[in-house]
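Written out below as structure tokens is the structure these notes cover.
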Amino acid sequence: MSEAIFQPTDIVLAKVKGFSAWPAMIIPNELIPDNILKTKPVSVHKGKSGSDKKANEDIDADMESEARDREQSEEEEDIEDFGESEANPEKFIIYTPVLKFRKNDTLKSTYCVKFFCDDSYIWVKPMDMKILTSEDCRKWLSGKQRKNKKLIPAYEMAMRGKNGIDIWEFVEYGSYGKPDEEEYVEEEEEENEPEKKAIRPTRSSSRQRQKRASETEKSEGGNSNKRKRVTRSTRQQAIDASEEEEEEEEEKVQEAVRKRPQRTKTKKVVVSKTKPNPKTKAKKEKPKPPKPIKYHFEDDEDWSIVGLGPQDLSIEKTMDPIAKKLSQKKNLEKHVEIKLDLEDKLAGINKLLCDVLCSAINQAVSIKDDFEIILDELQIALDTRGSRNEFITIFQSNNSLLLNFRILFNLRKRELNKWDLWDRFQDIFKHIYSYQFIPDTEDWQLEQNMEIEEMDREKPSFSEDVKEEESKVGA
């Protein structure tokens, strides 16, 4: 709904959660009942953020502005009583020569409204209401949409406009106005009739008793078929009689107090003075203790400390994000599973490197495709290093991988440069160990004599086999 500077006595359409939008009137601060003022919502913000401070400042400003409005209205009333000045129509809504309401200069956080044909008060935010004109009411009543039967009299009353509604009578007696005075007084007198019969004689003068008796005879004689209408004089007589009875009761109480001994008086005074003191002290001596922060076991943030009682959780503020993530059981289980898979994959890469390097030693020419397969496997393994690179330590702690890299770079440097694979292997090495591999100063070469010796060892055995076969044939 629209936000505007609403003024007292404005007719609005207010929306409350769980109910339909209802026509209501904004009640001036001067006419709001005390019990409704006590229910005005004041939100308490415990946080220290800027938005919370701003909200608190807005609430304080609203309270100060309301207090200022009341003081100014009282000052204006005092000035008007003495005849020094008249109310300014720019600052006041002059309802009658006696009744006026101060206008709102700024938008307030809440407004007190009273619903038509419901007579209930509520504090509404400006965003939950909008101005309701007579034309809007006429359109709603003449519309063909389905209507709530309780809303129809409320819209009919709102259609009269704020000038057609007596604000004081609306606040005092409700939507249906002041009740019939004659019926109200007659009921009151009927209720008081048995009380008059039961009243015992008082110490009133003889003239007053004769006067009351003559008046009662006149009232009973004139009301044969229908009860006589109660006038102002009869009501005044009833009030005078009640006042006389109250005065006599007060005299009796004073006489009884005089007859009592002095001790009882002093005791009563002392007791009455000492009673309220401990109550006020008790209220001051009972501050609310701060609520302790307890560990909620159902959160399962750190399942290893379950059963150890309340813990100091302030360490979580400075905890490493990876450690905080692994403190949860499900994340730790997933981490261990990925770690085992990565270790198995590195073991397969090491085996593949050993096979390629050993086969290259026995062969004259290495196969380029084998090294490209190793590069692809290493790249796939590095892709599972984790979002925060937490699995890189598994590569760094694998000594077999480091040894195979050293053999590869020193023994197959010429071939890797020829196939343009040297830089790719160096990039992977730098990604794992944070620096590039520096080959040895002396080039690694295969010992040729080792192959010759192996051939020589095989030849004698072959000749011996031939000789044995020849001897067998000769025999």
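Backbone N, Cα and C atoms are what each Cβ position is placed from, and that goes for glycine too.
Model, not experiment: these values are computed from the prediction.
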Per Swiss-Prot, the candidate from SER142, SER233, SER242, SER461 carrying the annotation phosphoserine: SER242
Candidate annotated as phosphothreonine in Swiss-Prot, where the set is THR9, THR318: THR9
From the candidates SER43, SER65, SER85, the one which Swiss-Prot records as phosphoserine: SER65
Lowest local Cβ density (other Cβ within 10 Å) among modified residues: THR9, SER242: SER242
Integer Cα-Cα distance in angstrom, SER242 (phosphoserine) to THR9 (phosphothreonine): 40
